[in-house]
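Listed features, source Swiss-Prot:
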- Cys47, Thr49, His69, Cys177: Zn(2+) 1 binding site (BINDING)
- Thr49, His69: alcohol binding site (BINDING)
- Thr49, 202-207, Asp226, Arg231, Thr272, 295-297, Phe322, Arg372: NAD(+) binding site (BINDING)
- Cys99, Cys102, Cys105, Cys113: Zn(2+) 2 binding site (BINDING)
Amino acid sequence: MATAGKVIKCKAAVAWEAGKPLSIEEVEVAPPQAMEVRVKILYTSLCHTDVYFWEAKGQTPVFPRIFGHEAGGIIESVGEGVTDVAPGDHVLPVFTGECKECPHCKSAESNMCDLLRINTVRGVMIGDGKSRFSINGKPIYHFVGTSTFSEYTVMHVGCVAKINPEAPLDKVCVLSCGISTGLGASINVAKPPKGSTVAIFGLGAVGLAAAEGARIAGASRIIGVDLNPSRFEEAKKFGCTEFVNPKDHNKPVQEVLADMTNGGVDRSVECTGNINAMIQAFECVHDGWGVAVLVGVPHKDAEFKTHPMNFLNERTLKGTFFGNFKPRTDLPNVVELYMKKELEVEKFITHSVPFSEINKAFDLMAKGEGIRCIIRMEN
């Protein structure tokens, strides 16, 4: 493209300080360096992780910053040494990466790349420790290596998954984070057998994706557990067959589920990060074969307490990161699940706003309205 090797001026939504509305600014985006790519973002969506670090209540604040990590775009130019993608390729940016060289990437059992694993504090590129964004010569910091709330962004090549160009980016953009996390927790980690019973704790976007994964796997009963009963009707679209609101019962949720399922569920997936829900999700699975999968991220001081007999009675506890998907290797296949109509993505997308109204997406999430809001970069 004519812009290759040059600085691009474009619009970006800049967070100048914690918790304050984003401001649409003209930023300068430097060309990609070695092993980097510059991507024209066409669609992005807001994930709770963006909001969490924008609020910056419990972690190191890094500002001014460009948030955003769930998106779809097209490669504009590539830096030295990049051979896997070329200008014009359709890609999904990913908050974690796959260098393909480290022990994790070479292992069939892990997706936790040593080089490109998620880092929420670093606001610069790993190659030279500098930001590719600036306003009047002053750096604007990156977020989890993606920063998709900008018309153009620069990423390490290991953090972009090349996908089928026929796939509609305004739909599959949501597969680059939360939906794949929940989906993979079910199909890659919990692996519910056909006809099994699965409990899903937390019916936000990730939990609904976990329910969708259980549905695809062939589970016959999918029990949604949530303190907010207004989520129940919507969750039926994702395969949930029945529901438990812990507030409606005067005994622990794990006992309620055991009563409903003749001793416990076959699989559970915990998507809230609440430590009590994590313990309940483990203790509600059936002895002998039950598997519980933890997805939600707990408070840093949380402690997981359960009796060792729960393990000795042959219950299994697993954790997962990004649904155990390797970003570059596996995401193209997740997109193909959608293209083959096996995975229904549209039902996750409840709202859409132009880039100029990006703060509306934050308002919707604050009110708990909808599941995913697509932000259209071109009005």
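Note that Cβ sites are derived from N, Cα and C of the backbone, with glycine treated the same way.
Taking the Cβ of Cys47 (Zn(2+) 1 binding site) as centre and 10 Å as the limit, one finds 23 other Cβ atoms among all the protein chains shown. Here the binding-site residues are Cys105, Leu203, and the one whose Cβ sees the fewest other Cβ atoms within 10 Å is Cys105. Comparing the binding-site residues Cys102, Cys113, Ala205, Val295 on other C-beta atoms within 10 angstroms of each C-beta gives the minimum for Cys102. Among the binding-site residues listed here, namely Cys102, Ala205, Arg231, Ala205 has its C-alpha nearest to that of Cys47 (Zn(2+) 1 binding site).
Ranking the binding-site residues His69, Arg231 by the number of CB atoms within 10 A of their own CB puts His69 at the top. In this structure the alpha carbons, written CA, of Thr49 (Zn(2+) 1 binding site) and Cys113 (Zn(2+) 2 binding site) are 20 Å apart. Comparing local CB density within 10 A for the binding-site residues Cys99, Val297, the maximum falls on Cys99. Annotated pair Arg231 (NAD(+) binding site) and Cys177 (Zn(2+) 1 binding site), C-alpha to C-alpha distance, rounded: 21 Å. For Arg372 (NAD(+) binding site), the same-chain residues 6+ apart in sequence whose C-beta sits under 8 angstroms from its C-beta are Ser45, Leu46, Glu70, Val174, Gly178, Ile179, Ala205, Phe348, Ile349, Thr350, His351. According to DSSP, Cys47 (Zn(2+) 1 binding site) sits in a coil region rather than a helix or strand.
Note on proximity: among His69, Cys102, Cys113, Cys177, the binding-site residues of the record, the Cα nearest Val297 (NAD(+) binding site) is that of Cys177.
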